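Undergrad: As annotated in TrEMBL:
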- 12-33: transmembrane segment (TRANSMEM)
- 45-74: transmembrane segment (TRANSMEM)
- 103-124: transmembrane segment (TRANSMEM)
- 186-210: transmembrane segment (TRANSMEM)
- 258-285: coiled coil (COILED)
- 302-321: transmembrane segment (TRANSMEM)
- 365-393: transmembrane segment (TRANSMEM)
- 405-425: transmembrane segment (TRANSMEM)
- 484-508: transmembrane segment (TRANSMEM)
Amino acid sequence: MATPGALLSESVLGWSIFTIVLLVILAFCWVYIRKYQSRQESEVISTITAICALAIALITSALLPVDIFLVSFMKYPNGTYKEWAANNETRQHIENTVLYGYYTLYSIILLCVFLWIPFVYFYYEEKDEDNSNKCLVNLTLLPVFPVHPCFKRVTFVPLESPPNRNSTQWEKVQYLFEELGSSHGLAALSFSISSLTLIGMLAVITYTAYGMSVLPLNLIKGTRSILYERLENTEDTEEVEHQIDKLKAKCADGRPLSMRDRRNLQDLEAKLQVLRRQGRHLEIAERNCCNKVGSALRPMKILLGVFFILVALLFFVTLFISNLDKALHSAGISTGFIIFGTNLTNPLNELLLALQPVFPLDYVLITIITMYFVFTSMAGIRNMGIWFFWIRLYKIKPQRTRPQALLFLCMILLLIVLHTSYMIYSLAPQYVMYGSQKYLLQTPLPTADPSQGNHTAAITKICDADAPEDQCTVTRSYLFLHKFWFFSTIYYFGNWAFLVVFLIGLVVSCCKGKKSVIEGEVDADDSDFSDDEYVH
């Protein structure tokens with residue numbers, strides 16, 4: 001029999017940690033969005049939407065360790081179920097609780113991607129006078145709307161209506177969750193989330209892989225000297241002014257300039273304007289206390305950069321081993337490269353399995369991994385910008401990011417964090433699938449005298465795909481990730497593409513020199529309006 005006190009204590013422990021992480025996530029999202037949003041173009045509705053969208057994505061990732069903890073804590077290290085989990089109904093109740101949590105969060109993600117964020121974007125776009133990128137952005141979001149009815153039909157049809165026509169609203173909601181808990185509901189929602197995760201995979205390959213290399217190397221290399229940059233800016237400004245004076249001297253007697261000279265004069269005047277704006281930004285940066293503190297903390301930045309590059313290399317090696325294991329020992333492409341057990345030593349998987357019995361440690365590690373993906377993704381987006389094929393739509397700059405760019409940023413980060421569930425599974429497949437569960441395997445013992453009968457011994461083994469279903473409980477997250485084999489196959493090849501892009505980004509980042517202290521703050525296509533915003 002399950003002990004109510006023990007069951008309550010285990011549930012309270014898991015959900016208490018989850019609540020604390022939830023509050024931390026909400027605070028992080030608020031600070032993160034407020035740091036990058038434009039001060040003069042900020043909108044309340046876009047700010048709230050961006051904060052909520054990013055928080056929902058991170059909360060969904062925070063649910064993964066709770067899922068793993070609950071299935072792992074049902075058993076003792078010797079492979080037997082604990083007293084409170086011995087009843088199958090009790091285990092089913094706990095699994096359904098996590099399942100309803102996934103249903104709720106994933107449904108909110110679908111609502112954000114298909115309705116909430118596009119609505120807020122187009123609502124603000126109508127108020128924006130500069131619609132130069134509106135057509136391209138409409139083309140970017142246009143494929144969402146034809147797909148939306150398909151997802152709606154796949155997700156909710158053909159769910160039957162409640163058998164009792166006079167049931168209350170709460171009974172109808174309970175019946176809906178029961179229907180979604182059936183195989184059809186799980187498959188439908190898994191298909192929808194897997195499709196979004198597929199888009200998130202493309203964002204991870206594009207932004208996260210590059211950010212994992214550019215963020216640590218920028219911390220290690222640092223920035224150029226402000227004094228040297230100001231001296232260089234002054235020399236360039238004087239040279240451009242001298243060239244402009246020479247061109248204007250040609251028309252001092254009233255003769256018009258040639259077409260070529262007029263074009264050169266316009267280019268030089270535009271360049272002079274950019275140089276003067278760079279000079280103003282360099283002057284502000286020289287007086288900025290944060291830059292002075294950053295210079296004093298230079299050794300810590302180097303250590304942090306070395307730590308980040310070591311973590312990136314650990315992820316690279318772990319992901320390579322995991323993919324190699326699938327390539328050598330999986331059942332093939334038609335099964336989504338599913339492997340039955342871990343055949344090659346996976347360092348991150350072993351570390352998580354070692355930390356899992358002490359619950360907060362693996363929870364903190366998973367949270368750090370998720371935050372690491374977010375920071376590296378943001379570094380990649382900030383360095384690359386938001387692009388529509390070869391045309392850059394928006395730039396991400398601290399305190400000067402437009403509301404439309406913030407919505408795009410949060411949608412990309414939402415999809416990226418959604419894909420991190422599969423990335424974490426690729427990095428630690430055993431941990432994500434079964435946690436630290438073990439089961440008892442009855443094996444026959446050799447006997448010298450056959451007349452004595454057969455004797456068996458119970459051997460404790462780590463749960464894998466060959467384990468009996470009643471002995472090992474699979475996490476709900478794994479069921480969402482591997483409901484359709486063709487998605488798993490695409491994710492497998494996406495992991496190889498991620499490794500290739502990471503290596504390319506690492507080489508490119510190593511070849512680049514130190515970045516400017518005002519990197520990304522001044523561009524030729526920026527306006528003086530952004531400078532006024534930066535100064536104030």
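Cβ from N, Cα, C; glycine included.
How buried are the listed features, and what sits near them?
TA: If you look at the transmembrane segment (186-210), the same-chain residues 6 or more away from its ends with a CB under 8 A from one of its CBs are 103, 106-107, 109-110, 113, 147, 151, 154-156, 180, 373, 376-377, 380-381, 383-384, 412, 414-423, 479-481, 483-484, 487, 490-491, 494, 497-499, 501-502, 505.
Away from its own ends, the transmembrane segment (302-321) comes close to residues 212-213, 215-220, 222, 344-349, 372, 376, 423, 426-428, 495, 498-499, 502 of its chain (Cβ-Cβ under 8 Å, at least six residues beyond either end).
Cβ atoms under 8 Å from those of the transmembrane segment (365-393) belong to residues 21, 58, 61-62, 64-65, 133, 136-137, 139-140, 203-204, 206-212, 214-215, 218, 308, 311-312, 351-352, 355, 405, 408-409, 412-413, 416-417, 420, 423-424, 427, 520 of the same chain, restricted to positions at least 6 beyond its ends.
Cβ atoms under 8 Å from those of the transmembrane segment (484-508) belong to residues 187, 190-191, 194-195, 197-198, 201-202, 204-206, 208-214, 217, 312, 316, 319-320, 322-323, 326, 333-338, 422, 426 of the same chain, restricted to positions at least 6 beyond its ends.
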Undergrad: Take every residue in the coiled coil (258-285), average their pLDDT values, and give the whole-number result.
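TA: Here the mean pLDDT over the coiled coil (258-285) amounts to 84.
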